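In what follows, a single structure is set out as structure tokens and then discussed.
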Amino acid sequence: MSHDLLQMHLKAVISCLVIVLYKVHTTKAGQFFSSGHTNNWAVLVCTSRFWFNYRHVANTLSVYRSVKRLGIPDSHIVLMLADDMACNYRNPKPATVFSHKNMELNVYGDDVEVDYRGYEVTVENFLRVLTGRLPPSTPRSKRLLSDDRSNILIYLTGHGGNGFLKFQDSEEISNMELADAFEQMWQKRRYNELLFIIDTCQGASMYERFYSPNLMALASSQVGEDSLSHQPDLGIGVHLMDKYTFYLLEFLEEVHPASQANMNDLFKVCPQSQCVSTPGHRTDLFQRDPGSVLITDFFGSVRKVEITKDTINLTSPVEPPIKRSGSSDIQIESLTYVDQLPVAEIIHQKPKQKDWHPPDGFILGLWTLILLVFFQTYGIKHLKHIF
Amino acid sequence: DSDPVGFDSLDLNERRGRSTDAELDRRDGTRTSEALTPAAAARDEFQEELVIRPLHSGDIYASFQFRTLWDTDFLQEGQKVSHYRLFPKSLGQVLSKFSVRELHISFTQGFWRTMQWGQPFIPSPPGAELWVWFHDTVSDVDGNWKELTNVLSGIFCASLNFIDLTNTVQPSASFKPLGLGNATDHRFLRYATLPREIVCTENLTPWKKLLPCGSKAGLAVLLKSEKLFHSSFHSQAVHIRPVCQDEQCTSKAWELRQTLNVVFDLYTAGQGKKEWSLFKMFSRTLTEACPLATSSKVYVDITDNPELFELSPATPLLSQAVVLGDRRTYSVYDLSRAETFGQLRSLNLLLRWKGDGEMLRPLLHAERYVAGFGLQTGEIHTVIYNNHPYRAFPVLLMDSVPWYLQLYIHTLTVTSKSRDNKPSYIHYQPAKDRHRPHLLEMLIQLPPHSMTEVTVQFERALLKWTEYTPDPNHGFYVGSSVVSALVPSMVAMNTNFTQDQPLFSSFVPVKEESSYFVRVYTEPLLVNLPTPDFSMPYNVICLTCTVVAVGYGSFYNLLTRTFQVDEPSLPLAKRLANLIRRIRGVPLLT
């Protein structure tokens, strides 16, 4: 009896607290600064080559599509596809990548920008993108320009095993390398929070070795289990998607930019009854409670908007003085186009004057050897007979 | 800041440096505080054009050209250009940073079949091709080239960063500048191809974003990737060069041409019916011209009309142009006039075939193939056909072969009509392993109505195991050969430069009336190099370990094994009996 009373009291106190907290959260500033990040980035990697790995490209493109739909712009997405499926000669419908049989959803779309494609998707390039150690001539679209207030979503898919992920059928990345790369990112303050999703066989082994703070990881299967593909399509002839990402895409299609769905819902995606493998997750390195982390914190994009009520006066435009190209007193001669095939000129073309280079090591060595042998056999005293 | 591509804004519209307002008044050029002089109010104009040419095999060829002409000079001293209106800022910054005089880049999927389709308006080889003329003020051309390819790979989402010194050549006589200029020192020219480069929607998306109207209005609404890539041939290109501003040609203007050529196949896209419409080709119809364009026209080649096909809706506007040595008649649909769209406010051209006809045989075409067998040696054959009945003309053949096919130039033979044909100019630069490819340029006189064959033998090199691609059994590509020629024309070409010439006839500058310049690309080659078996290191280790174990183990045993006689152990009863016998001192049992 007293126990029930105590419980009732407890419930009342808790509900009061909830109301108070709710009121605090409704203030805009509080809501804005509670998550701690100001921009969002996504690194989406498909590591498999060859036509029968169509489903891995479809996986990556479905996450790309969701992430773009929820607001992350192309300039903040680094998309790496190891092979081209859409314009592959085996694709019966070119420029399309379908995620559902009967060709319902074309995840490739009409507006896609792939940053690393084909042979560029290597372990080295992936690690360089993460750590930021790229050659100076790399264009901006291929860089991960995150700062310490960035939330990054990293999605990997392909063929993997216990502790490794295979890149393009020729090299592998191990879970230790990945953990070290994340530690480098942490030390260089390249992320605020990081969500790592992997859809491969034995995917949970890839996040076992993480040791940097603010990392949350999800995998499609535990160690010792295989991730399975979803459906084959008889028209295209290959499996279109993997089970985990298929249900993830279904889940993400329900999410909209203002959605309040949180990470606990994401952990429930694709239970064993649907996926056959057991999806796993790891949250011990993450500071916040997963229930308070919104899906849009990682999959969507934060736009910083400052509303001001002050007016700004724009100055009137200054008319630039009309600048004539070239002065009028200089003799202007008419310019001409170049002759495309000047046969006479080509025939009488002098060979290019090559710069004289000093003889390289091999020639010098050869001549030294010859001279040495000569003087050894004949002796230096014979020198005067030669010259 | 020296960053040529993009800037820190998250605004999607401004990502490509495009000013989004379409108003025509001049904007303030003094936006940047560090500009020394205010930028002159330079005029720029945009024209767009679509040419549809029905082909005799039932296929249809559509060629889009978008031209932005800008009366300014990037590289003039003291003039920092900071105000971009129609000309895309990303390309403008690239040009000024790397002192580029001319830039030609093309992405092609498929191979142009000259014998079936005739000559294209703008030829391009399969894969990606990039050739650039730098200004003579550049001191380090190779450094600029390397950075330029990286920047362009970011702009066009292509792996152009694979262009490096192992596949770049400096042609000595081909690829003369297509724009204005007098001095042509070939030290400032760089040419590279990537025959393996795939073209897909991710290359089309940034290309469309460079257009002033994007893909929202004008002819660019027809560019839907699902239809464009379901074709026999798709080529998109960007050509930037300086041209004459006006007829007197006293000052330069920058011209940016974006071209897209596509050939739709009768059977895959046309479902076997010889009837084409804009909707069937592009799954869209035209509804308006681009508001920023000064001219927006659709030309349909009706030279073979009315015997061959019928065209609807009919239009009274006709235009004649001499292009590729032939006088062709075109029906013109001017999209800037509202009556072109009719009552439905949309333009859907319909072409219906009535009969078959004879195609004019193209005067010049070339083929290339690899002969030989095995993985050690081979022979490259390039065959050039001159189909003119009585005129001979010279062609310039340029071959760029990667270093891993080691050419034996002493086996080079050029034969026409089964007789030796000595080229009047040969330029050969041998390859350096892992540094430079082979470059072979020859000026060959083609006799009339003949076939000329150029053969050269080669040997395949063994690559280091880290140099193989992840799929080495696919083979290695060798870029197309380029055949440049001045082909005699049947009709007098127009040497006057006028502003109202249609774009497709004014791409290549015409110097003389009797011939026109044409460039023909051959097929790329696919050669297999001797490839180690990468897929079985486990089996190799097992095999090696087995051999070592069996061989070394046997040897070790032979040396160290000794044989000892071993007494068999007695059963328990006998052992106990032996124990008792030992105590008694009696001989033991065995």
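Including glycine, each Cβ sits where the backbone N, Cα and C put it.
Copied over from TrEMBL:
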{"type": "ACT_SITE", "residues": "A:H159", "note": "active site"}
{"type": "ACT_SITE", "residues": "A:C201", "note": "active site, nucleophile"}
{"type": "TRANSMEM", "residues": "A:361-380", "note": "transmembrane segment"}
Distance, the residue listed as 'active site, nucleophile' to A:H159 (active site) (CA atoms, angstrom): 6
Where A:H159 (active site) sits in the secondary structure, as DSSP reduces it to three classes: strand
CB within-chain contacts under 8 A for the residue listed as 'active site, nucleophile', separation at least 6: A:H159, A:G160, A:G161, A:S221, A:E225, A:D226, A:S227
Cβ-Cβ neighbours of A:H159 (active site) (radius 10 Å): 17
